[in-house]
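Per TrEMBL, these features apply:
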- His267: active site, proton acceptor (ACT_SITE)
- His226: substrate binding site (BINDING)
- Glu265, Glu282: Mg(2+) binding site (BINDING)
Amino acid sequence: MSRIGIEEFPVPGEGPYAIALGPDDALWYTLVRSGHIGRLVPGGTPENWPLAPDSGPTVIAAGPDGALWFTEYQAHRIGRITTAGVISEFPLPTPECGPYGLAAGPDGALWFTEIAADRIGRITMSGDVTEFALPGTGTFPSAIVAGPDGALWFTMNQADAIGRITTGGEITVHRLPAQAAGPVGIAAGPDGALWFTEITAGQIGRITVHGDVTEFPLPDRSARPHAIAGGDNELWFTEWGGNRVGSITPDGVIETHDLPTPGSEPHGLAFGPDRAVWTALELGALARIDNEGEVR
């Protein structure tokens, strides 16, 4: 098993949830409970910017315009923050749609999921929004990522499926072998496939761009894997219910590592400017994971 080091950094505000690397080599993160966007340069002091307290900022991603974009799940908006801290917000056309996942597309726009409306959305840098209806109701589209095939791939949590949408709006749905899989996180892997978490089934899944699916059971099937991020040689994921982070290689070798603080609720994760893995702990901190050293 690999030897890793884990260090936690408390941050102000409540509920660190998602995290992304910005173009300024800082880590940007959402504070879902207190309604803030946070920023941390490794080795520096965290800072944050307030939104409406009930906005529920959820997933954050770097945009093609050099700003950070984020979903406001409770306020049904898409937000934008520059690296200088200037915030803009864009209401969405569908009321009570619940935007959640967000990713930059190959077309220069941001693509997002609408959990409560069974839609995939697209927003341009000027704030123009287009929505695409999914087949079925109650599918709970969750995370979304740009794939190696020029399309966007997303999880359909309550449909036990992985979806694909082209930049022209053509949608394909791939059903998963596992019943009650509950896919949530999704990421592009170093092997040209898409990898995803199955929060209910306790598995990590892999789907090729042709729709072939392989599933890898976790050592702890009750771990509730949540987010996943792709690196150069492996992917990392959080175990929300197991209080762990884990890694999986393209050939399915899994390792898991306990987090130092019990009940820390790990959610989103991203690779930092130092190439370490960083994860947001909803209990109130960011954790840094590197491949050498002691757990602290």
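Quick reminder: no glycine exception, Cβ is built from N, Cα and C everywhere.
Those TrEMBL annotations? Automatic predictions, nothing curated.
Taking the recorded positions His226, His267 in turn and counting surrounding C-beta atoms within 10 angstroms, the largest count is reached at His267.
Straight-line distance linking the Cα atoms of Glu282 (Mg(2+) binding site) and His267 (active site, proton acceptor), rounded to a whole number, equals 7 Å. The residue listed as 'substrate binding site' sits 10 Å from Glu265 (Mg(2+) binding site), taking the CA atoms of both as reference points. Its own atom aside, the Cβ of Glu265 (Mg(2+) binding site) has 19 Cβ atoms within 10 angstroms in the protein chains shown.
DSSP gives His226 (substrate binding site) a strand state. Secondary structure from DSSP puts the residue listed as 'active site, proton acceptor' in a beta strand.
DSSP classifies Glu282 (Mg(2+) binding site) as coil under the three-state reduction.
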